[in-house]
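Step one of this worksheet: look at the structure below.
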Amino acid sequence: MPQLTAPQFTARKGAAEKLVVLTAYDYTMARLVDAAGVDCVLVGDSLGMVVQGKGSTLAVTLDQMIYHAEMVGRAVENALTVVDLPFPINHYDTGAAIDAAARILKETRCQSVKLEGGEAQADTIHALVTAGIPVMAHVGLRPQSVHQLGGYKVQRDQDALLADARAASEAGAYGMVIECVPSAIAKAITDTVPIPTIGIGAGPDCDGQVLVVNDVLGMTAGYVPRFVKAYAHVGEAIQEAATAFTADVRSGKFPGPEQAFK
Ligand code: KIV
Ligand code: NA
């Protein structure tokens, strides 16, 4: 199966079968997620929180995104790949934004970039698309603006959200994430724009869904948002395995004869 392309992703707008997007940050996880058959693997700047353990995504650098995207790009064979532009590249002038996005395409095998914003970022989206770089937009809660928004809050300004979504679509985005908006507004956006909407905390009526893979696996420490559903308890499994190994080493049970050389 050839790797899914951005135009093929866009063509799935409104399809009965929803689009599936999961994050991954390294080779091992990206291979597993791709083998599961997701449509798109996102190298999210959420890695600032789930990999680096920071309180927000703001500290993540372009070099760090490229480091992770290179590993993910090398692992993924089937899914479309998309890489977040870290703060504040979505606010750079268009030439600087093209330079940054081009580094991602040059230095990783990933195919597209995602940037937070809509109406105010329309010129940047258009410039990237004109440069041949597919762009996924990201409207609703924009975590890179957490300080300006006053926290990770549900976004409810329907007119502003629709304006962002329309502007991103008209600027040439091939799809968009809608984060933390009431289901009815996400449906209105989905009914309005001709490109796929990928929801996270945006209800069931989007064209697809995205979650952070650590959340899906049940390995997130501390606060887990309401929109997350854990499909496994990998965090517990890791801790149990490490605890069992610790006990075996301390008691002399490991290594046994089968792990030793004669
Ligand atoms: O960084 C990320 O993982 C994201 C998704 C949650 C959409 O932007
Ligand atoms: Na992100």
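Glycine residues also receive a Cβ, built from the backbone N, Cα and C atoms like all the rest.
What TrEMBL lists as active site, proton acceptor is Glu179. Taking a C-beta cut-off of under 8 angstroms and a sequence separation of 6 or more, Glu179 (active site, proton acceptor) has the following same-chain neighbours: His138, Val139, Gly140, Leu141, Arg142, Pro143, Gln155, Gly199, Ile200, Gly201, Ala202.
According to TrEMBL, the Mg(2+) binding site annotation covers Asp45, Asp84, Glu116. Annotation for Asp84 (Mg(2+) binding site): spatial neighbours Leu42, Val43, Gly44, Asp45, Ser46, Thr57, Val60, Met65, Val113, Lys114, Leu115, criterion Cβ-Cβ under 8 Å with sequence separation of six or more.
A strand conformation is recorded for Asp84 (Mg(2+) binding site) in the three-state DSSP classification. For Asp45, Ser46, Asp84, Lys114, the entry in TrEMBL reads 3-methyl-2-oxobutanoate binding site.
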Quiz item: What count of other C-beta atoms do you get within 10 angstroms of the C-beta of Glu116 (Mg(2+) binding site), across all chains shown?
Solution: 26
Quiz item: Hey, what's the widest CA-to-CA gap across Asp45, Ser46, Asp84, Lys114, the 3-methyl-2-oxobutanoate contacts in the record, in Å?
Solution: 12
Quiz item: Ranked by the number of other Cβ atoms within 10 Å of their own Cβ, which of the binding-site residues Asp45, Ser46, Lys114 ranks first?
Solution: Asp45
Exercise. May I ask which of the recorded positions Asp45, Glu116, Glu179 have a CB within less than 6 Å of any atom of ligand 2, listed in sequence order?
Key: Asp45
